[in-house]
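Chemist: Could you have a look at this structure, given as structure tokens, before my questions?
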Amino acid sequence: MQLLLALSVLVARALAAHHDHHHDELEDQMPLGYVKFPYQATYPGDNEVTADSIFSGITTFARLPWSQCLTDKNADFDIAFLGAPFDTGTSYRPGARFGPSGIRAGSRRLTLYGGYNVPLETNPFKLLKIVDCGDVPVTPYDNARAIQQIEDGHKELLHRTPTSALGNDSLTGEPLVPLALDGKHHPRIITLGGDHTIVLPLLRSINSAYGAISVIHFDSHLDTWKPSVFGGSDSQGIGGGALNHGTYFYWASQEGLIKNGSSIHGAIRTTLSGPADYENDDNAGFKRIEAREIDTLGVDGIIAKIRETVGDKPVYLSIDIDSIDPAFAPATGTPETGGWSTRELRAIIRGLDGLHIVSADIVEVAPAYDTNAELTTMAAADVLFEVLGVMAKTPLGKVAGKA
Ligand SMILES: [Mn+2]
């Protein structure tokens, strides 16, 4: 009996030692030492604070720490989530102003087991400092003002110095230099929309660091329509109704924000005013992959087409949730059937591994139209998990002297 007791004490000590070691290891790897993820939960008796469960506490993206980045100039990060709750540029169903809070709610389980991405073989949460900066204050009463607020908020974060240094090239070991036109190393921002109009101010901000940028755009619609084709507006000009979620790329192209010829749409399946819409889209600088091409090219063929178009140029990624079929993501402003499955879009995004994605957004999530099972907000969060993985694996740098 005594022997048994002694043995069990020994086993318990060994287990405790193992537990401590494991714990230290996680702390070492995790730059966010001040955050406890649910999988690190400790229990009364361990002399530790118990981490919140994934269904409790204040909701941030993936339960990341909330950083008051917009007002705290010293707040630093490698990737910041930023909400842009704007939906007064919508043509059909409104409600994307609730997108940021909906996506956050849909993202709660992302870090339950620690956030390791199996197919990408990476854990973005351990490689980089990732925070949720909350939402840009956006007025719902004045679109021109709101657009300016979004640009200012994004720019404020984009021009911070990232937490982690660029490091060295993984192949040659040579130090990397920044890709940005201003020669500086910038953090990456993932914006939670909001309707798609927000991409005009986001690209204006991106322009301040990178100049004209290549764009990968997943959407069932072109979003390059001239205001007259899309329906026009009494108050002409870019401050009025002529800027909306179907025309922002037209204006971005007019302003020279998009790199012509190395930008591409994916998942297009909208009806058109006529074939001239595609000519107009060509003029805005985009190539196109239609949704139905997945039946002929497959996921790999689509990935190849995107990579061929963009090359190793810095690229901005804009994801309209309506690129996914409404069977998987019904809660959106202008749903179109015949889209890609969540699995297909996630695989395509993983296929962007190695591209220099400078920042990204997901837009048009309007949670009021979602199912009780939170299908759409969960899909949006999971798609962003793939974006995080791809970003974490590829620093925004190049070897000096190389183009
Ligand atoms: Mn769109």
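Glycine is no exception: its Cβ is also placed from the backbone N, Cα and C atoms.
Since we're looking at a predicted model, the values are computed, not measured.
In case it helps, TrEMBL gives these features for our protein:
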BINDING   H196, D219, H221, D223, D320, D322  Mn(2+) binding site
SIGNAL    1-16  signal peptide
Chemist: Counting Cβ atoms within 10 Å of each candidate's own Cβ, which of the binding-site residues H196, H221 comes out highest?
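Modeler: Answer returned by the neighbour count: H196.
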Chemist: Within 10 Å of the Cβ of D223 (Mn(2+) binding site), how many other Cβ atoms are there?
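Modeler: That number is 27.
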Chemist: Please list, in sequence order, the residues in the chain of D219 (Mn(2+) binding site) that are at least six apart in sequence and whose C-beta is under 8 Å away from its C-beta.
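Modeler: The list for D219 (Mn(2+) binding site) reads H196, H265, G266, A267, I268, S318, I319, D320, D322, S323, given in order along the sequence.
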Chemist: DSSP three-state call for D320 (Mn(2+) binding site): helix, strand or coil?
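Modeler: Assignment for D320 (Mn(2+) binding site) reads strand.
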Chemist: List the residues in the vicinity of the Mn(2+) site, defined as same-chain residues other than H196, D219, H221, D223, D320, D322 with C-beta within 8 angstroms of the site's C-beta centre.
Modeler: H217, S220, L222, H245, G246, S323, T334, V363, E364
Chemist: Quick one: give me the count of other CB atoms within 10 A of the CB of D322 (Mn(2+) binding site).
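Modeler: Total other Cβ atoms inside 10 Å, all chains included: 28.
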Chemist: With every protein chain in view, how many other Cβ atoms are within 10 Å of the Cβ of D320 (Mn(2+) binding site)?
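Modeler: Taking all protein chains shown, D320 (Mn(2+) binding site) has 28 Cβ neighbours within 10 Å.
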Chemist: Helix, strand or coil at D219 (Mn(2+) binding site), per DSSP?
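Modeler: Looking at the DSSP assignment, D219 (Mn(2+) binding site) belongs to neither helix nor strand, so coil.
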